[in-house]
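A.B. asks: Below is a structure I'd like to ask you about.
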Amino acid sequence: MEVKKTMEKIVALAKNRGFIYPGSEIYGGLANSWDYGPLGVELKNNIKKAWWKKFVQENPYNVGVDCAILMNPQVWVASGHVGGFSDPLIDCKECKTRHRADKMIEEWNLKNNENVKVDGWSNEMLMNYIREKGVTCPECGGKNFTDIRKFNLMFKTFQGVTEDSKSEIYLRPETAQGIFVNFKNVQRTTRKKIPFGIGQIGKSFRNEITPGNFIFRTREFEQMELEFFCEPGTDLEWFEYWKNFCFNWLLSLNIKKENLRMRDHSKEELSHYSNATTDIEYLFPFGWGELWGIADRTDFDLRQHAEHSKEDLSYFDPNTNRKYIPYCIEPSLGADRVALVFLCDAYDEEEVEEGDIRVVLRFHPAIAPVKIAVLPLSKKLGDEAYKIYEMLIKKYNCEYDETGSIGKRYRRQDEIGTPYCVTFDFDSLNDRCVTVRDRDSMQQVRIKIDELLSYFEGKFDF
């Protein structure tokens, strides 16, 4: 049967099964704020572990850091965020709504079959396009707009007891700058030679004007970023390497290839510091959206911080006896956005019998929130079944469930993506075997209790 995936179905399942809840819900919520429930936090943690394993732990080039969210404000002056990290805002004079001009144009283009990309356009270019094409307000259809103005996306706060300009500080809008300012520290203490990379997972904050589509774009989000430093002249070679590495990481975790594509940025779209940028995009239920940005940032960041801090951030290459400021390749992935990708991609509906639809999340076993569910056929068998649960939980994240019919319990586990169910029945009392059910095939096999641990060995590897 053809499965129609919708955001409504994904969001409903996520809320009802304990993946993601609306933030501050008992107080009426907070716009674009989401809390991860018991299953959601396990899913996201497993995704982060899978990223860290392949990008840092198992990669001989790379090491990790965990930098502070609050940094010296001069960091953001040097990086260009204070002066240039902003969105183009425009107001509709008729209905008094505020919009991001570039996103408003993109939405209008989509509805009117205009295949024009406006990334990187100046305010003047955006305004001219709105007037020439007759772009309308998405809320009321009006054409009477204010001029476009810039809105800085950084959250500003104050450090200490006084609230004045001297105590102004920002919540970081990206994790990357913490890596750049620690480049020399990491290189010196690890004695790494170029090429090498520094990975980090952490929270970032952006005061987005048009957040939305569930956890696709939020104001508080978690990033998984790698800054890979290389010799100038080798950057495009490494750029291609990391593009393919990132794409293959997604495929290795069972993301369907037909739902992925790479889109190279045009010259007009490129950031002023970028030599090349490619987005890995995913086909969400609401259409294609950016998932993973891979950018050749050249030596912009290290050079900026060297200039503003007056510190020497160059590298002496012992192989060539040459001193240079390394170029940097940055694969930047949002943990929340890729969690949404795994939810969307894993979601499936299957007609088991006529009119009987089974909803299943076909997660790769490595990222499944619950690995094994232990289910006694009857509550009378609970004591013996619970011993199996206690044995397995020392090694795997498991659930124990004795409530409801065995069929309903299987369906509950299918809906949360549990790869295996272990059923202890009345025969188990005598033959000391249990039934192991596979989520995807629904095939069942009898396994001796003493051999359960060896049976599951390697089934959740990545």
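Just so you know, glycine gets a Cβ as well, placed from its N, Cα and C.
Summarising the annotation, Swiss-Prot assigns substrate binding site to Arg100, Glu174, Phe221, Glu222, Gln223, Met224, Glu225, Glu330, Pro331, Ser332, Leu333, Gly334. Summarising the annotation, Swiss-Prot assigns ATP binding site to 206-208, 216-221, 290-291, 334-337 and lists sequence analysis as the type of evidence.
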A.B. asks: From the Cα of Glu225 (substrate binding site) across to the Cα of Glu208 (ATP binding site), what is the distance in angstrom?
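C.D. replies: The separation of the Cα atoms works out to 20 Å.
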A.B. asks: If you measure from the C-alpha of Phe221 (substrate binding site), which of the binding-site residues Leu291, Ala335, Arg337 fall inside 10 Å?
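C.D. replies: Within 10 Å of Phe221 (substrate binding site): Ala335, Arg337.
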A.B. asks: Measuring Cα to Cα, how many Å separate Arg206 (ATP binding site) from Gln223 (substrate binding site)?
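C.D. replies: Per the Cα atoms, Arg206 (ATP binding site) and Gln223 (substrate binding site) stand 12 Å apart.
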A.B. asks: Reported as an integer number of Å, what is the Cα distance between Glu225 (substrate binding site) and Arg337 (ATP binding site)?
C.D. replies: 13
A.B. asks: I'd like to confirm something. Which of the binding-site residues, Arg100, Gln223, Pro331, Leu333, has a Cα closest to the Cα of Leu291 (ATP binding site)?
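C.D. replies: Nearest by Cα distance to Leu291 (ATP binding site): Leu333.
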A.B. asks: Compile a sequence-ordered list of residues in the same chain as Leu333 (substrate binding site), six or more apart from it, whose Cβ lies below 8 A from its Cβ; state 'none' when nothing qualifies.
C.D. replies: Trp51, Gln223, Met224, Glu225, Cys246, Leu291, Trp292, Gly293
A.B. asks: Three states by DSSP: which one describes Arg219 (ATP binding site)?
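C.D. replies: Assignment for Arg219 (ATP binding site) reads coil.
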A.B. asks: How many Å lie between the Cα of Arg337 (ATP binding site) and the Cα of Pro331 (substrate binding site)?
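C.D. replies: Taking the Cα atoms only, Arg337 (ATP binding site) lies 14 Å from Pro331 (substrate binding site).
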A.B. asks: Taking just the CA atoms, what is the gap between Pro331 (substrate binding site) and Arg217 (ATP binding site) in Å?
C.D. replies: 18
A.B. asks: Taking the Cβ of Arg100 (substrate binding site) as reference, which residues of that chain separated by at least 6 in sequence fall under 8 Å from it?
C.D. replies: Asp87, Pro88, Leu89, Ile90, Ile209, Thr210
A.B. asks: Let me know the largest Cα to Cα distance in Å among the substrate-binding residues Arg100, Glu174, Phe221, Glu222, Gln223, Met224, Glu225, Glu330, Pro331, Ser332, Leu333, Gly334, as an integer.
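C.D. replies: This binding site's residues have a maximal Cα-Cα distance of 26 Å.
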A.B. asks: Give me the non-local Cβ neighbours of Ala335 (ATP binding site): same chain, 6+ apart in sequence, Cβ-Cβ under 8 Å, ordered along the sequence.
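C.D. replies: Long-range Cβ contacts: Lys44, Ile47, Lys48, Trp51, Ile201, Phe221, Glu222, Gln223, Met224.
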